[in-house]
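The following features are taken from Swiss-Prot:
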BINDING   171, 172, 173, 174, 175, 176, 177, 178  ATP binding site
SITE      372  site 'Required for activity'
């Protein structure tokens, strides 16, 4: 009897254990590497893989699914493909690629996956976001109406940029495209120091396919000017694989979207999208996608449009934040009719066209006003700027035309000669040294002098215009700082009178030596 009771007790214990047993089967979506060549792994299996999904190889290297067939998947390897071997197991993560976002990334240099590349230690970001996200819809947007000041005279006055705009910087190599972008970032330092948190402009600089030495110079320049404290640098250098170069601008855009979606303002530089397109072309050809014009795949337009459409000025309900994009595109011998330049021109809200001929003539920044345009920026210009800049573009265009005409050596009447002389002074006033941005109030003073006080200006020899400009601005700051502050919004008749008296007195005592 005793033994039988023991048996029944044992049976009940076993039954209880079986009924309460809870060890669910863990299902994983796995596959096997068939081949790997030039950073592309062909994987058998992965039946439930999604396009754009992140996967892990046996060695720990990450990859992204960019091609789906009946029983195979084409995966781009985010790292060294030597670590991936035939027969390796591949696991799906169930997630797309994410990057850390937030204020913790300011002042840091990261790669396309958000991993630190500087000596600042681990990034402890509270938030992470998908690098691919849908652009804001029509209802969520607002028209561009706030100025984004670059500190560059010829741009702020003649090709104004607004917060939320997409303005292309295009031109041949080594003629100042990156310099314009850097100067715009540096100029935000002065503005950020004077405004509250919600009006500050945070910056993201994305370096795509550049030499590491070039990126190091950019980072050092930002450090020297104090601009790195509000800037994040995303780097996919020339030594990185094509998939990393392809992901970099999307990662940078996601970092900028954090500020946009939280009611703040952000400026993002893509330097440059030509190399980005080349990286995508390389990936597409290796994935055996059919090539189109210039061997680019058919969806190269969508690759750039879905990136640039994420730049926007948000509506009041969405927090009034903004993301301003300055993409850079490199041309070959000034050919803007190539495939990628024409694509990006059609996507953006205007372009700043740099010309090598102007650059070698000494007119820097070498902006060709005739080919440059800002389609929405004028709505964001200050009233004081509109009043002085209205006739400047026309004067410069007339001067360029008359300059060509005067080369024939024919006799010129007095009015034509006057226009030529005025044009020479205007060209000198619009020249600007790199990394020395100028406030909008200082620009207004100089252009008002040209437009309304040319008789005073013409007393200065043209070779001394740069010295005159430098000394005059210093004179305003030290002796008449109140006048500059009044110019931050509008220009009244009283201010015009003050400027006339100040300039007249200054010209008489200006020392050319």
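Count begins at 1; order follows the chain as displayed.
The backbone N, Cα and C atoms fix where each Cβ goes, and this holds for glycine too.
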Least Cβ-crowded entry, counting other Cβ within 10 Å, from the binding-site residues listed as 174, 178: 174
Residue 176 (ATP binding site): tally of other CB atoms within 10 A of its CB: 20
Rounded to the nearest Å - Cα separation of residue 372 (site 'Required for activity') and residue 173 (ATP binding site): 17
In three-state DSSP terms, the structure that residue 171 (ATP binding site) belongs to: strand
Fewest other Cβ within 10 angstroms of its own Cβ, chosen from the binding-site residues 175, 177: 175
Residues flanking the ATP site, with Cβ no more than 8 Å from the Cβ centroid of 171, 172, 173, 174, 175, 176, 177, 178 and excluding those residues themselves: 330, 354, 356, 359
Close in space, distant in sequence - residue 171 (ATP binding site), Cβ under 8 Å, 6 or more apart: 177, 330, 331, 334, 353, 354, 355, 356, 366
